[in-house]
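According to Swiss-Prot:
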type     : residues : note
CARBOHYD : ASN123   : N-linked glycosylation site
CARBOHYD : ASN221   : N-linked glycosylation site
TRANSMEM : 30-50    : transmembrane segment
TRANSMEM : 80-100   : transmembrane segment
TRANSMEM : 102-122  : transmembrane segment
TRANSMEM : 133-153  : transmembrane segment
TRANSMEM : 191-211  : transmembrane segment
TRANSMEM : 234-254  : transmembrane segment
TRANSMEM : 306-326  : transmembrane segment
TRANSMEM : 342-362  : transmembrane segment
TRANSMEM : 366-386  : transmembrane segment
TRANSMEM : 400-420  : transmembrane segment
TRANSMEM : 426-446  : transmembrane segment
TRANSMEM : 503-523  : transmembrane segment
Amino acid sequence: MTEKGADGADGLTKAKSNAVSEDYETVNHVTGLKLAVIVTGLCLSVLLVALDNTIIATAIPKITDQFHALEDIGWYGSSYLLTICAFQLIFGKIYTFFPVKWVFLIAITIFEIGSAICGAAPNSTALIIGRAVAGIGSAGIFSGALIIIAYSIPLEKRPAYTGAIGGMYGIASVAGPLMGGAFTDHISWRWCFYINLPIGAVTILSILIFLKHPKQKLDNNQTWKARLLKLDPIGTAFFMPSIICLLLALQWGGTKYPWNNGRIIALFVVFAVLISGFIYFQIRGGDSATVPPRILKKRSIASGAFFLFTIGSAFFIMVYYLPIWFQAIKGASATSSGIMNIPMVLSLVVLSIASGITVTAIGYYAPLYYVSTVLTSIGAGLLTTFTTETSKGKWIGYQIIFGAGVGTGLQLSIIAAQAVLPLEDVAVGTVIMMFCQTLGGALFVSVGQNVFTNLLVKGVVNAAPGLDPQVVLRVGATQLKNMIPPQFLDGVQVAYNDALTKTWYVATALAALSVIGSVGMEWKSVKGKKIEPAAA
């Protein structure tokens, strides 16, 4: 390249850099009491979303007793996840072309309507519909909270607040089963959903009163029809049913239907066809696509999304299956197993906040990716060593290591997206990250369920030959000691332990794979500087 050409390229780069800087200078900087109220409201909104992921788990037995709908158990969780995954990416476009404040408030309102339907549900079908409606609102809440942070706080101060929101997500994800058990045992399972109404009302009021409209680059001269056409309706028409087909195949495969069943094969085939169509229209659509290729081609975005997919998946496997170990092996109740998860919660929250503060202080987030990968992998690996005799010190210590790893990395990809993208692209970048985390959790909780169920059945056959494995599956973890004949109990507990620890191998492998995202992450600073790692 000629010197002139090089200067021209440098000038273009500087122009883009300056454009990004100018974008961030237009942020409505909020301070003092107003900022505290807004951040509190945003944290409460994230609490709602994360609680609803897991709070229903311990309430399901009472719900099925009341509605006599044992066959609907899978739908209580999957209907919520299906609509979250189906609508999450489209919210990225909605936040780009419509006012952030009003989109966020509408998302919370939809979530509240869904929660009210669930709480008042007269039958199982109404509960499933309510969960699906709540999932639509939930799809726009977490990403919306992070987008509001982006529009309200300077980039260099943002990681600390992002860390606080990430910590709230971790608390609620793990505390959900504990709260669900407490409500179900002492009040009513309906309060697992009614509790969302006052919390959501506080969030709505705090945002409505204290948040000014962010300075978005909106074309107010466009008609609503023109804006709606920018939401990539063709891509959305391919994407939503493709994700639903994939999740249904994983939800039903190996449990309700064998993997070679025609329904499961058909779902995978339809998924492959539809997702291929979605990818084609994304490439063809350019900036009008739901996932603009120029954003996904950025190294930090692709690496951060992969990292969050793997770490998030590992985290959700442990969130769902670690309490089962406490119930089946240690004889804990549903509520007690939630309390025994506190070491992981505390370390996750402390490290999430500390990670955000560290990035704010030093500017660079890339080194913390490696810390997260190492700690999460070691912690997950240590958890796979559990036996029926594992001591209290070990199960506390191993949880702390795992939680510290997840907490360190959970919010880093959001920070990376906000550091490398201009402000008008932050909404889409944030939603891409959140979608990968949600999809990873949805996919691998289903994978974990299949691994666990199949290994438990085989283990019971080997360890307790005279016992029907289906009896063990129906009894559930909390009732093992009460319902399984004493002569079979030791063998069943060994089978449970082996099935669970091998399920955690999946989490360990995912944590180790996150190193790909760590290595791929660019070394950029939230303070506006870029450094390169030292050459080997």
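Positions of Cβ are set from backbone N, Cα and C atoms, glycine also.
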Do any residues of this chain, six or more beyond the ends of the transmembrane segment (133-153), have a C-beta under 8 angstroms from a C-beta of it, and if so which? 27-30, 35, 38-39, 42-43, 45-46, 48-50, 52, 79-88, 90-92, 94-95, 100-101, 103-104, 106-115, 117-118, 161-162, 165, 169, 196, 207, 211, 214-216, 414, 418, 423, 426-427, 430-431, 434
Sort out the residues at least 6 away from either end of the transmembrane segment (366-386), same chain, that have Cβ-Cβ distances under 8 Å to it, and list them. 307, 311, 314, 318, 322, 325, 329, 355, 358-359, 394-395, 397-406, 408-409, 412, 497, 500-502, 504-505, 507-508, 511-512, 514-515, 517-518, 521-524, 533
Should the transmembrane segment (426-446) and the transmembrane segment (80-100) be scored as in contact, given a threshold of at least 3 Cβ pairs under 8 Å and pairs 6 or more apart? yes
Can you tell me whether DSSP puts ASN123 (N-linked glycosylation site) in helix, strand or coil? coil
For the transmembrane segment (342-362), the distant same-chain contacts (Cβ-Cβ under 8 Å, at least six residues beyond its ends) come to 156-164, 166-167, 170-171, 174-175, 318, 322, 368, 396-397, 399-412, 415, 526
Cβ pairs under 8 Å between the transmembrane segment (306-326) and the transmembrane segment (503-523), at least three: yes
Who are the long-range neighbours of the transmembrane segment (102-122) in its own chain, taking Cβ under 8 Å and residues 6 or more past its ends? 45, 48-49, 52, 91, 94-95, 129-141, 144-145, 147-148, 190-194, 196-197, 200-201, 203-204, 207-208
Would the transmembrane segment (80-100) and the transmembrane segment (503-523) count as touching if the test is at least 3 Cβ pairs under 8 Å, pairs 6 or more apart? no
Cβ pairs under 8 Å with the transmembrane segment (191-211): which stretch of 30-50, 234-254, 503-523 has the most? 30-50
Below 8 angstroms Cβ to Cβ, which residues of this chain, lying six or more residues outside the transmembrane segment (503-523), approach it? 299-300, 302-308, 310-311, 313-315, 317-318, 321, 364-366, 369-370, 372-373, 376-377, 379-381, 383-384, 405, 409, 413, 416, 420, 440, 444, 447-448, 451-452, 455, 530-533
Which number gives the other C-beta atoms within 10 angstroms of the C-beta of ASN123 (N-linked glycosylation site), all protein chains shown included? 12
